[in-house]
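**Student:** For reference, the structure I am asking about is given below.
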Amino acid sequence: MRLHEVSGATETVEAAPAKINLALHVTGQRADGYHLLETLVTFTAAGDMIRIRDAATDSFSISGPFGDLLSAGDSGDNLVTRARDILRDALASTGQPARPVDIHLEKNLPVASGIGGGSADAAATLRGLLRHWDAAIAPEKLKSLALKLGADVPMCLASRPLIARGIGEDIEALTDLPELSMVLANPLKAVSTPEIFRRLQNKVNPHLPTPSTIGWATTGWMDFLAQSRNDLQPPAQALLPEIGEITGLLSEEGATLVRMSGSGATCFGIFHSFDAAKNAETSLRKKRPGWYFHATRTI
């Protein structure tokens, strides 16, 4: 999957890959209330898309299967327009022009579903606008802007396998995570992230081990992942029992590892091949026609 491309002379296209928390350990809580996390993250070919064109004035529009769930009103509430504005202000402080743009979001991922949709869209907007405006910004400054938009935005800015610690600002790239075939599954019901954290009984849990990955094959990674967990899954499932139903369905289809991503409600099942994942997607769509299922690969 190519993260970005230029379509024609005036349109910049930037992919916003889905973020998958293969493991998520809650290891503490700061005095300001933010929870400390350690998470192993990868990204998939499935995702949203950002398209940018020059315009007389700024504008923003949304399409896609989940576009109706978001407002295109340019009020600053959407992370895409917030990313545009915060980047423009940062560039203005260094004397770099940032001309008006029309930004179009193709919303292919379920909204508020634990796979970083909004954060990925914001990160893609930052990447795309820097290319569209032919602008430059120091990496640490860009990371700081991303963190202001949300804890997941810095990792989505990278859009590559990584381990993130703290509230998401401490990122360690992973160079040898193999390609994984998986099915993403969501019952298309919302689950409250704040309520999940309120119901989390243990705020200090065992740390995520640092994988010693030199020479690991896919089986080594799967063994490692099997020993990890998502600490948010039990309270999320208590709030939304369909999460347990999803994981059961994925297991029945032959997934070798099943887990919830982020704070849910999206779950993933890893399969031994993409063909197996596609077959599982077809079967699951028949079993639960009103739910979201998508076979994809990691990038």
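Glycine residues also receive a Cβ, built from the backbone N, Cα and C atoms like all the rest.
Swiss-Prot lists Lys19, Asp152 with the feature active site, giving sequence analysis as the kind of evidence. Look at Swiss-Prot and you will find Pro110, Val111, Ala112, Ser113, Gly114, Ile115, Gly116, Gly117, Gly118, Ser119, Ala120 tagged as ATP binding site.
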**Student:** Rank aside, I only need the closest one: which of the recorded positions Pro110, Ala112, Gly116, Ala120, Asp152 has its C-alpha nearest to that of Lys19 (active site)?
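**Tutor:** Considering only the listed recorded positions, the nearest one is Gly116.
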**Student:** Within 8 Å of the Cβ centroid of the ATP site residues Pro110, Val111, Ala112, Ser113, Gly114, Ile115, Gly116, Gly117, Gly118, Ser119, Ala120, which other residues of the same chain have their Cβ?
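**Tutor:** Counting only non-site residues, the set is Ala18, Lys19, Leu109, Gly262, Thr266.
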**Student:** Which one of these binding-site residues, Pro110, Gly114, Gly116, has the sparsest Cβ neighbourhood, judged by other Cβ atoms within 10 angstroms?
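**Tutor:** With the binding-site residues Pro110, Gly114, Gly116, fewest surrounding Cβ atoms within 10 Å: Pro110.
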**Student:** Drop a 10 Å sphere on every Cβ of the recorded positions Lys19, Ala112, Ala120 and tell me which sphere holds the fewest other Cβ atoms.
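**Tutor:** Among the recorded positions Lys19, Ala112, Ala120, the lowest count of other Cβ atoms within 10 Å belongs to Ala112.
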**Student:** Would you mind sorting out which of Pro110, Ala112, Gly116, Gly118 (the binding-site residues) have a C-alpha within 10 A of the one on Asp152 (active site)?
**Tutor:** Gly116, Gly118
**Student:** If H, G and I count as helix, E and B as strand, and all else as coil, what does DSSP give for Gly118 (ATP binding site)?
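**Tutor:** Reduced to three states, the DSSP call for Gly118 (ATP binding site) is helix.
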**Student:** For Gly118 (ATP binding site), list the number of other Cβ atoms lying within 10 Å of its Cβ atom.
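**Tutor:** So the number of other Cβ atoms within 10 Å of Gly118 (ATP binding site) is 25.
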